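Colleague: Would you mind keeping the following structure in view while I ask a few things?
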């Protein structure tokens with residue numbers, strides 16, 4: 001009975017072991033769901049803050065922005081490692097636990113069925129032995145009754161001989177049946193004892209051993225799953241450490257001086273600060289009135305007007321941004337309009353353009369003084385149409401940079417055409433030496449086209465270099481003029497020439513037509529920026545690329561680039577590095593991710 005109770009206890013223990021195994025499998029499943037949700041949330045976070053097709057002023061050119069985007073890329077890789085952890089746990093731990101739990105249930109059921117069958121067979125043997133025992137006991141009691149009846153009749157003198165013989169026969173029959181039941185009981189008892197010994201010493205121990213081995217394997221499997229659970233996390237630790245190191249390197253790459261230089265280069269126009277305002281002497285009219293009252297007839301021939309009077313009148317007429325002269329000022333005399341005389345004595349009228357020139361130079365070199373200046377500039381540009389070929393609509397410094405970039409691009413194209421011409425010449429020589437390889441005449445049209453392209457590119461380079469020289473000369477001349485203007489402004493007694501300089505002699509003034517070479521847009525070019533093409537997505541290099549040819553961009557495996565032009569079907573994609581370097585890379589070498597609505601923008 002006690003052993004039977006132990007069998008039931010083992011039944012309960014093995015069932016508890018399977019329940020615990022399934023409980024741990026449920027724990028692993030919930031951990032996998034947590035990892036998956038965590039990775040999903042991290043990817044959504046990265047996607048939310050990743051650079052999309054932003055406007056020009058939001059291009060990631062600053063080191064702080066580039067570092068932030070690198071951190072986002074590292075965080076995206078970190079989220080991928082969390083997905084790897086979840087996948088490894090699901091495959092190595094959870095899936096294995098579920099399969100082993102099913103096999104464990106099947107094996108336990110088989111062992112318990114064998115134990116129950118052995119117990120049932122022993123119970124059956126015990127019942128057979130008990131029945132034979134009871135039958136033998138019953139036959140013995142019947143034989144005792146028959147013996148007592150025979151002895152009673154044998155001692156009774158009144159009993160007949162027939163009754164005595166009948167009782168004797170009955171006694172013999174019962175004694176014989178008791179002997180047979182005795183033999184059967186002895187046989188059943190011997191059989192039961194043998195089966196019981198076999199049951200408790202062979203069958204049940206074997207079943208218990210199998211259950212024990214099964215439970216030990218379950219424990220070992222749990223231990224392996226515990227280890228696999230930790231290994232799944234430990235395998236990604238080196239990659240996660242690299243992600244964290246990448247974040248640290250991105251943080252260290254932030255350069256405040258470089259960002260400041262980028263801001264300076266972005267908004268640098270090349271214009272000079274406005275000059276100092278000259279002194280306006282409003283007392284000249286008072287002195288002239290007194291002089292006119294004392295002298296009746298002024299001299300007209302060989303007359304020389306004082307420089308202060310000229311400057312005062314010029315500045316007094318500056319009504320556009322200055323003050324209007326007071327009404328009580330006396331009118332100018334007719335002779336004041338004459339500034340020179342001819343050799344024969346006749347005088348000719350000269351109208352000073354100095355106020356207008358000063359006004360225009362102040363507009364060109366100074367900052368806007370009215371709030372609607374920017375809107376007026378936008379309206380004017382909208383009437384002009386597209387940008388000019390020589391970039392004259394840009395400020396000098398930005399124009400110089402644009403021209404230099406175009407010259408560099410043309411030089412790269414010229415180098416490509418030169419390489420292609422050399423290759424065609426070599427191929428033509430090979431065809432001439434080996435006619436069976438091809439017709440040399442078939443290469444002549446392509447060679448002629450290449451030579452024409454080279455001539456065209458040389459002309460374009462020459463034209464742009466001329467524009468660049470003009471810009472550099474203007475910048476240098478403006479700087480020299482600014483320096484001389486600062487020196488001459490210290491001289492209080494002088495005259496203002498149309499070019500903005502001062503001279504002591506009125507006869508040295510040259511009255512020429514207004515300067516027409518300046519572009520109308522030149523006064524507000526500092527509002528234009530030199531921005532690169534906007535990024536329409538990003539890509540990751542799957543393989544390294546050398547980029548020896550002109551126009552191509554070398555890249556390393558795993559490097560992140562910005563996409564500024566999609567593949568047009570030729571197998572090349574235009575990309576840009578974080579530092580602004582652009583070029584073409586093979587489309588098959590990169591993993592492209594385009595932002596949404598990039599084509600329709």
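Quick reminder: no glycine exception, Cβ is built from N, Cα and C everywhere.
Model, not experiment: these values are computed from the prediction.
According to TrEMBL:
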COILED    126-170  coiled coil
COILED    400-434  coiled coil
COMPBIAS  476-486  compositional bias 'Basic and acidic residues'
COMPBIAS  523-532  compositional bias 'Acidic residues'
DOMAIN    1-259  domain 'F-BAR'
DOMAIN    393-470  domain 'REM-1'
DOMAIN    534-595  domain 'SH3'
REGION    476-535  region 'Disordered'
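Could you tell me the structural context for the features on the list?
Modeller: Looking at the coiled coil (126-170) alone, the prediction's average pLDDT is 87.
With a cut-off of 8 Å between Cβ atoms, the residues of this chain six or more beyond the coiled coil (400-434) that come close are 270, 390-391, 394, 440, 443-444, 446-447, 450-451, 453-454, 457-458, 460-461, 464-465, 467-468, 471-472, 475, 530, 549-551.
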Colleague: Can you tell me which parts of the same chain pack against the coiled coil (126-170), counting only residues 6+ beyond its ends and a CB-CB cutoff under 8 A?
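Modeller: For the coiled coil (126-170), the nonlocal Cβ contacts are 177-178, 180-182, 184-185, 187-189, 191-192, 196.
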Colleague: DSSP on the domain 'SH3' (534-595): how many residues come out helix, how many strand, how many coil?
Modeller: 3 helix, 29 strand, 30 coil
